[in-house]
Amino acid sequence: MEDTKMEDSSNQREMSHEEMPETHSKGGLITMPFIIANESFEKVASYGLVPNMILYLIKDYHMGVAKGTNILFFWQAATNFTPILGAFVADSYLGRFLTIGLGSICSLLGMILLWLTAMVPQSKPPPCDLMTQTCSSPTSAQMTLLFSSFVLISLGAGGVRPCSLAFGADQLDRRDNPKNVRVLESFFGWYYASAAISVLIALTGIVYIQDQFGYRVGFGVPAILMLLSALVFFLASPFYLKQQASKSLLTGFVQVIIVAYKNRNLTFPLPNSTASYHHKRDSNVVAPTDKLRFLNKACIIKNPEQDIALDGSAANPWSLCTVEQVEELKALIKVLPLWSTGIIMSINLSQNSFPVLQASSMDRHLTKKFQIPAGSYGMFNIISLALWVIFYDRAILPMASKIKGKPVRIGVKLRMGIGLFLTCIAMVVSAIVENARRKEAIRSGFQNNPTAVVKMSAMWLVPQFCLNGFAEAFTAIGQTEFFYSELPKSMSSIAAALFGLGLAVANVLASVVVSIIDDITSKGGKESWVSSNINKGRIDNYYWVLAILSFINLFYYFLCAWAYGPTGRQATKVKSMGG
């Protein structure tokens, strides 16, 4: 996914090789098992903690469903946002090796703290009094310990996840190797395969251990895996090719905004006066475009003698930017409306807590002796996504191309639209299934017993997970491809970060939606829709709200797609036809 990111830093690599000729003896395939193992262990450990966490907060910390869900939404938001900070720190200050190393240590410390909450009785509230039916709330110190573990795990993810792929590619990227492209392609394939397998192991193996052996073992295993992750990574330190940190794109964006504001009173040069704009040497772009024209003032040369250094660069990058910097920021601003259309889908995908509570109250047996853990049903999302990608790439496109006699592909904007429609249907199905589950619970006399198991198979939850998996395959992959094709090659790291940023925003908004619904529906002493007793609550109505928001978002997407105009590939095709 981030193969173009290597082009962004090729100049830096060439410089590093010139400065350190011995680096040719470092890197290579020998480092791959260590890098992939580090990422895989981190994913298994961290993803395995999420599904059952809502049950841990409810049973051991005596939290309500709404409060526990909100805490998990904010934790997921932090975990999705910190990789953006991690990428910035790695690019600008520490380099990828140190960032991954520190991230691994942070994750390990966080998981050890979380494991201690299960091991030390004083670290959480005492069990509820069955006689008086009263439960003690956690103290400030107990909550601080729990939140500290969440923060450290999120910081760890922020160090490992944004750098691991690029760090691995750094070890293999040899421009003088005729098989360089094939080697990188193979690495990316193995990297994503290991990532998918890691998530599946987390959603099945780790969740199963927690269900069968409790949280003492269930939190201890991820901590051990994270210890292995850190040890494996540092073990290969002498073999790594370690690139130095360089200027970050995010810094460049901030510079453009600040310099444009500083120069807000400057008058624009004459239309054909390209010499008045600062650009890189040998650049094809010598003047900015007219779109978002106010940003163009960031690259206007006021005094050539003072503004330009002897090597042709800006004497002070906080007083003068290049045309390329300005155009990169414009390209980012242009894709933001279409980026925002994926947030609602990400909100739907982040609904982990409620399906776990639903599954735990349904019949999960596949055989008389084996039942699927309540937290493992999310694996159907991953499985359906993977199967569709394989089927689409290996069967549908080749067959369609053979029938038409020419290469066939579904346009990226059409794929994004299909995914947003499928996530609407997924929420409708979720609401219908929950309504049926709740009616069965009430019919069985379980209205006041949320832990009772109704005579309804939990496999009825699978269709909504599969639909969301297909939606993710269309929209998430389509969005990532869209960002890569529309943004300049120098912004490939930003293209990768945008989807993670969308997930972080979605997690925060999901928490806001839950809080609003909880506040509105519980007024006047009424039972909240997101009540701790899901048989008294109305999670089905909550799903209907998400379905309505999803349909509104679909029309918003149509508007944004129309306003954006043709994508880069479509525009190129039109130009070639016109020529």
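Cβ coordinates are placed from backbone N, Cα and C, and glycine is handled just like the others.
What TrEMBL annotates here:
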- 1-24: region 'Disordered' (REGION)
- 71-90: transmembrane segment (TRANSMEM)
- 97-116: transmembrane segment (TRANSMEM)
- 146-169: transmembrane segment (TRANSMEM)
- 190-209: transmembrane segment (TRANSMEM)
- 221-241: transmembrane segment (TRANSMEM)
- 374-392: transmembrane segment (TRANSMEM)
- 412-433: transmembrane segment (TRANSMEM)
- 494-517: transmembrane segment (TRANSMEM)
- 542-565: transmembrane segment (TRANSMEM)
Inset, instruction - Go through 71-90, 146-169, 412-433, 542-565 and flag the stretch with the largest number of C-beta pairs under 8 Å relative to the transmembrane segment (494-517). - result: 71-90
Legend entry - the transmembrane segment (146-169) versus listed stretches 71-90, 97-116, 190-209, 542-565: most Cβ pairs under 8 Å: 97-116
Inset, instruction - Flag the pair the transmembrane segment (412-433) / the transmembrane segment (374-392) as in contact if three or more Cβ pairs fall under 8 Å (sequence separation 6 or more). - result: no
Legend entry - Among the ranges 71-90, 190-209, 221-241, 374-392, 542-565, the one whose Cβ pairs under 8 Å to the transmembrane segment (97-116) are most numerous: 221-241
Inset, instruction - Answer yes if the transmembrane segment (190-209) and the transmembrane segment (542-565) have at least three CB pairs under 8 Å among residue pairs 6 or more apart in sequence, and no otherwise. - result: no
